[in-house]
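The structure appears below as structure tokens.
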Ligand code: 2RA
């Protein structure tokens, strides 16, 4: 199986290579793809050395699968070109997510929507993936009516420039700014640009993508996305009002039986999810599970995941594994 990683030298691309090497995918040839300035760069992968190629060359090599993390415009321009030569593209950008002809997939939830005809598949936004991983089984059992989510997002979601800004601010040195403001000792209530309605794109991704993945436009979702000086993963405080009542212990059991979810919820042991411990892991971690005593049928929980793994690379590669396992390539 020939597999291309488009954006191989970026933060998500590097994690995709790592997760790919851990995966069960029968990769016979890796095609690392990046911008012209990185062409020729040598990449070590599974004990072999590969040269980075440009997009034109990569299309000519006709990979079976292309994993994209290279920005929305590159996806819009190049995913169709790969698809035209028979490649199945799994794209991490937001370019195709809300396109009605494209599938938006979290394998544990809705991989069943995938067919052989899907040649461009959208990977959801990191903050959406970790939320719906916990929401989906509860929605199925108790029917979610309304979701209120506040996110506390890792600076790795913004990329290397943000990590360098924080490091410079630690050291008290000047450098390029990824954010409008200092991030060290701060919390910035803006992830991505603002839309007309006063919400950021990040917040509206949570709203729109959740409905598409769960295939239910009746769920009311509202979000506040905040950037904090953390690198291990995104955290989310989620409040869900259900149509039907629930038992908290039953919720914990349901979540602990959900593939890809780990429940960390033992207050006596001070056990709850934190980015420091989620970093580098593929699961979504759920804790602080408790009834919202302010209104009926409503639950609070705390969800943490490595945004570069399950939030991007791992979910992307799990989609590819599903396609291979079900002969959908
Ligand atoms: C962020 N989810 O965290 C966005 C893109 N990775 O900035």
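Cβ atoms here come from the backbone N, Cα and C positions, even for glycine.
Record features (TrEMBL):
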ACT_SITE  126  active site, acyl-thioester intermediate
ACT_SITE  234  active site, proton acceptor
BINDING   9, 10, 11, 12, 37, 38, 307  NADP(+) binding site
BINDING   97  phosphate binding site
BINDING   153, 227  substrate binding site
DOMAIN    2-117  domain 'Semialdehyde dehydrogenase NAD-binding'
Of 11, 126, 153, recorded positions neighbouring ligand 1, Cβ under 6 A: 126, 153
Entries of 11, 12, 234, 307 which, being recorded positions, have CA atoms within 10 angstroms of residue 153 (substrate binding site): 234, 307
Which of 37, 97, 227, the listed binding-site residues, has fewest other Cβ atoms within 10 Å: 37
Residue among recorded positions 97, 126, 227, 234 with Cα closest to the Cα of residue 9 (NADP(+) binding site): 126
Largest inter-residue Cα distance among 9, 10, 11, 12, 37, 38, 307 [record-listed NADP(+) binders, Å]: 27
Local Cβ density at residue 10 (NADP(+) binding site) - other Cβ atoms counted within 10 Å: 20
Number of Cβ atoms other than its own within 10 Å, given for residue 307 (NADP(+) binding site): 30
Cα distance (Å, whole number) from residue 97 (phosphate binding site) to residue 10 (NADP(+) binding site): 21
Cα-Cα distance linking residue 234 (active site, proton acceptor) and residue 12 (NADP(+) binding site), given in Å to the nearest integer: 14
Mean predicted confidence [pLDDT] for the domain 'Semialdehyde dehydrogenase NAD-binding' (2-117): 98
Whole-number Å value for how far the residue listed as 'active site, acyl-thioester intermediate' lies from residue 37 (NADP(+) binding site) (Cα to Cα): 28
